[in-house]
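Asks: Below, the features straight out of Swiss-Prot:
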- His161, Cys196, Cys200, Met207: Cu cation A1 binding site (BINDING)
- Cys196, Glu198, Cys200, His204: Cu cation A2 binding site (BINDING)
- Glu198: Mg(2+) binding site (BINDING)
- Tyr218: phosphotyrosine (MOD_RES)
- 1-14: topological domain 'Mitochondrial intermembrane' (TOPO_DOM)
- 46-59: topological domain 'Mitochondrial matrix' (TOPO_DOM)
- 88-227: topological domain 'Mitochondrial intermembrane' (TOPO_DOM)
- 15-45: transmembrane segment (TRANSMEM)
- 60-87: transmembrane segment (TRANSMEM)
Amino acid sequence: MAYPFQLGLQDATSPIMEELLHFHDHTLMIVFLISSLVLYIISLMLTTKLTHTSTMDAQEVETVWTILPAIILILIALPSLRILYMMDEINNPSLTVKTMGHQWYWSYEYTDYEDLNFDSYMIPTQELKPGELRLLEVDNRVVLPMEMTVRMLISSEDVLHSWAVPSLGLKTDAIPGRLNQTTLMAMRPGLYYGQCSEICGSNHSFMPIVLEMVPLSYFETWSALMV
């Protein structure tokens with residue numbers, strides 16, 4: 001969950017988000033080292049009077065600044081590709097949920113159950129209870145079992161939307177006429193908030209997403225009551 005004046009990413013709740021946080025720190029360290037080197041060279045150029053106006057050729061320097069960037073790019077690309085394949089791979093999901101984007105709400109269908117589907121609208125500000133979050137609460141939360149692989153099928157009924165939950169490392173476009181999929185797994189129970197992350201019209205800001213991750217026994221009880 002985000003909080004005011006937060007500078008970093010949200011706390012990771014899924015294995016994918018943990019990997020993304022590690023990759024973020026890895027890449028940021030490389031950027032920091034490169035920036036420090038460039039600033040150091042600039043400071044030397046500004047503070048020294050030594051120049052090399054007669055230098056016409058420097059094979060060693062050219063070799064270094066060709067090979068070194070290539071190595072740096074490889075060090076960034078390899079972990080990035082690993083995470084991309086992890087995000088794309090879905091093996092034997094325990095549950096499948098289909099979500100459709102609408103202007104301006106989400107609808108959900110649990111495809112493993114016959115009649116388990118509902119719409120999820122934002123709760124207006126004037127109807128919020130004490131402690132509830134403005135522009136983030138919904139009338140029907142998406143209840144899912146924790147520590148289990150869940151496949152999300154995502155599409156749209158009208159315009160482009162994007163289904164995103166930052167603490168789980170999820171952001172998948174909802175495209176009319178196309179069915180995209182992603183996978184999620186929460187390692188601990190709780191409420192996880194997200195929003196539509198694709199500008200989709202005048203009420204784009206009023207399409208929150210709330211996932212309620214619960215133990216499997218609670219989920220089975222909830223699903224039996226909903227069907």
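Here the Cβ of each residue, glycine as well, is placed from N, Cα and C on the backbone.
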Asks: Take the topological domain 'Mitochondrial matrix' (46-59) and average the pLDDT across it for me.
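Replies: Average per-residue pLDDT within the topological domain 'Mitochondrial matrix' (46-59): 73.
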Asks: Near the topological domain 'Mitochondrial intermembrane' (1-14), which residues from the same chain, at least 6 beyond its ends, have a CB less than 8 A from one of its CBs?
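Replies: Contacts of the topological domain 'Mitochondrial intermembrane' (1-14) (Cβ under 8 Å, skipping residues fewer than 6 from its ends): 20-21, 24, 166-169, 184-188, 190-193, 213.
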Asks: Are there residues of the same chain, six or more positions away from Met207 (Cu cation A1 binding site), whose CB falls under 8 angstroms from its CB, and which are they?
Replies: Gly101, Trp104, Tyr105, Trp106, Met122, His161, Gln195, Cys196, Cys200
Asks: Cβ within 8 angstroms of the Cβ centroid of His161, Cys196, Cys200, Met207: which residues besides those meet this for the Cu cation A1 site?
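Replies: So the extra residues in range turn out to be Gly101, Gln103, Trp104, Trp106, Ser162, Ala174, Gln195, Ser197, Glu198, Gly201, His204.
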Asks: Per DSSP, Cys196 (Cu cation A1 binding site) is which: helix, strand or coil?
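Replies: The three-state answer is strand.
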Asks: Please spell out the DSSP helix, strand and coil residue counts for the topological domain 'Mitochondrial intermembrane' (1-14).
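Replies: Secondary-structure breakdown of the topological domain 'Mitochondrial intermembrane' (1-14): 0 helix, 0 strand, 14 coil.
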Asks: Other than its own, how many Cβ atoms are within 10 Å of the Cβ belonging to Glu198 (Cu cation A2 binding site)?
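Replies: By my count, 18.
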Asks: Which of these binding-site residues has the least crowded Cβ, counting other Cβ atoms within 10 Å: Cys196, Cys200?
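Replies: Across Cys196, Cys200, these binding-site residues, the one with fewest Cβ atoms within 10 Å is Cys200.
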Asks: Taking the Cβ of each of the binding-site residues and counting other Cβ atoms inside 10 Å, which one has the highest number: His161, His204?
Replies: His161
